[in-house]
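Below is one structure, written out as structure tokens; the observations come after it.
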Amino acid sequence: MVWAGVPARDLLRAAFLVAVVAFAAWGLQGSWRELVGALSSTPPAGLAVAAGLVLLGLLTTCGAWLRLLAGYGHRLPREDGRRVFFVGQLGKYIPGSVWSMGAHADLARGFGVPVRVTVGTSLAFLGLNVATAGLLAFGMLAAGMPTLPLPRWGGLVGALGCAVALTPPVVARLGSLVAGSAGTLRLTWGSLAVLVARMALTWTCYAGAMVALIPGTTPGHAAELLAIAAGGFAAAYVVGVAVVVAPAGVGAREVTLVALLSPAVGLATATAVALVTRVLHTAADLTLAAVTTLRRGRSPAVQR
């Protein structure tokens, strides 16, 4: 099926990209003045460091997704795997919770990966993100982090639940159940430890990016701010995932982040950091999708 000589599949992909850009811009609607003010008050060096850390965090989390896919027996060449992940990830900017999974499945299908395997990978990946973020946020609460409005015993219970969710039987069961007859997710304790370590590095990068955006941070204060930022970002991520009608959790995530960060740095600074963080993540997502598309390889997938 074609329209004006253009294959329908290409038209759908073009519509997907247009929707991504439109909803990403919509997510910043009404915040442009505040964003300009926040950017103008952020030291250029801090902005550069933050951008670099966000990119590193995204590349690290991409590796986790590809490792989960490899757990099903499908290994994509590095450049192609990154393209599948980063282009597919743009779907999170469209309201709903299925667009990125659908995009991942469509792109990976070109490398011989069954749709249900890709969906299983993406759901297991989402669970890994939520569980590690929850473990971090609840762990900070149990340690006495004052900005989370819950009792410390709630942090202990929540952290225990997240730790159980991060065991190989639970993660593998979820992934295998979704994939059905198309594949079985096989994870060892060692491979899952690598995945958790990757996510720990990811959250650290994102927290470090926020600390880099806070003007006047001293070395002695940086460690405390890093812990607060890590717990705050992790909690905000979980809230953003829960609000599926917002593109990439926009709005809910920022409100949560400001609420948790402002007691330590003040409302104005927390708001500025949340806005700039949102822009950096959006810019990094678009940049990595564009770069990996331009560098796309043509190697076939390797199945073990």
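Cβ coordinates are placed from backbone N, Cα and C, and glycine is handled just like the others.
Please treat TrEMBL annotations as automatic predictions, because they have not gone through curation.
TrEMBL annotations:
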- 12-28: transmembrane segment (TRANSMEM)
- 48-72: transmembrane segment (TRANSMEM)
- 122-141: transmembrane segment (TRANSMEM)
- 153-172: transmembrane segment (TRANSMEM)
- 192-213: transmembrane segment (TRANSMEM)
- 225-249: transmembrane segment (TRANSMEM)
- 255-276: transmembrane segment (TRANSMEM)
Looking only at residues six or more beyond either end of the transmembrane segment (122-141), which have a C-beta under 8 A from one in the stretch?
61, 64-65, 68, 88, 100-101, 104-105, 148, 150, 152, 154-159, 161-163, 165-166, 171, 174-175, 178, 185, 195-196, 199-200, 203, 227-228, 230-231, 234-235, 237-238, 241
By a Cβ-Cβ criterion of under 8 Å, what residues six or more beyond either terminus of the transmembrane segment (255-276) are in contact with it?
31, 34-35, 37-39, 41-42, 47, 50, 146-148, 210, 213-215, 224-225, 228-229, 231-233, 235-236, 239-240
Long-range neighbours of the transmembrane segment (153-172), counting only residues six or more past its ends (CB under 8 A):
71, 124, 127-128, 131-132, 134-135, 137-143, 184-189, 191-192, 196
